[in-house]
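Going by Swiss-Prot, these are the annotated features:
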type	residues	note
BINDING	81, 84-85, 89, 91-94, 109-117, 121	5-phospho-alpha-D-ribose 1-diphosphate binding site
BINDING	81, 112	anthranilate 1 binding site
BINDING	93, 226	Mg(2+) 1 binding site
BINDING	167	anthranilate 2 binding site
BINDING	225, 226	Mg(2+) 2 binding site
């Protein structure tokens, strides 16, 4: 009865407070809603617009129901986007995570299969021969030894299986595109978070702040949930309990703008070849630039404020092929 009351409130256009949404999402993750009820909830939230209370409450419910990940006693970050920008770009965040790890920064990348593009993080990792469903213990070992591990959302959030069929049928952005990046089971307090619309910047930053993030950056890059090589990137930076809003262009990273079309990706297999070329120092200039710019902001979360210098370091580590060694070492974890 309580579930029906909460759903009814949503259908009436009412906002749920954090406690109410946390309760509703507990029921969702436990599989207590029918597909029809769940589709109704997702559509109602989408058309009415999600609020900070709802996002933070839903994240808390999902994390509370997740399989645990070993405690990490050193600084680490995540780089992840909401997806749903329908740009079908190459796998920039995944490549940036490998580059940052090669530079010595600890990265726990949380990812899933694609919902609205051809190749999500898990899709391309599979194509590269990387085991995406490693045990939590082996993933922690990879993080300890290689500065990097990938956590597959479906392995830790078993309740997502109740949601996946409805998301596939709807084939559109839902609150789960918004929630996913904030639900890393390692519970990072430092994240580079890409969002598919500038309208999400403020609400996403406020949600991250409410969830206890120490230093995170939310970005929207002229239509992308990545730093833009083709124009302006809007930024909301959470640091020391405050949110600062500003914008960046490729010039701030030491580059000139490039056409977005140069970042078009393909299937997981095609994107895996592009990613491999990048890490071997054989990538296209535009691809190198995109990865370097995103890596530069990721490095900022570790206290490296000079993003132009950060981007140059990222370019150099790709050029010398050391990042490809990191990829090969990661393949050994089975």
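Note that Cβ sites are derived from N, Cα and C of the backbone, with glycine treated the same way.
Swiss-Prot feature annotations superimposed on the structure.
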residue	record	CB count, 10 Å
81	5-phospho-alpha-D-ribose 1-diphosphate binding site	27
89	5-phospho-alpha-D-ribose 1-diphosphate binding site	24
93	5-phospho-alpha-D-ribose 1-diphosphate binding site	24
110	5-phospho-alpha-D-ribose 1-diphosphate binding site	25
112	anthranilate 1 binding site	24
167	anthranilate 2 binding site	19
225	Mg(2+) 2 binding site	26
226	Mg(2+) 1 binding site	28
Exercise. Of all the binding-site residues given, namely 81, 89, 93, 167, which is spatially nearest to residue 225 (Mg(2+) 2 binding site) at the Cα level?
Worked result: 81
Exercise. Given the binding-site residues 81, 93, 167, which lie close to residue 226 (Mg(2+) 1 binding site), meaning Cα to Cα within 10 A?
Worked result: 81, 93
For this session: To the nearest whole angstrom, state the Cα distance for the pair residue 112 (anthranilate 1 binding site) and residue 81 (5-phospho-alpha-D-ribose 1-diphosphate binding site).
Result: 11
For this session: Calculate the distance in Å between the alpha carbons (Cα) of the residue listed as 'anthranilate 2 binding site' and residue 81 (5-phospho-alpha-D-ribose 1-diphosphate binding site), and round it to a whole number.
Result: 17
For this session: Let me know the DSSP-derived helix, strand or coil state of residue 167 (anthranilate 2 binding site), please.
Result: helix
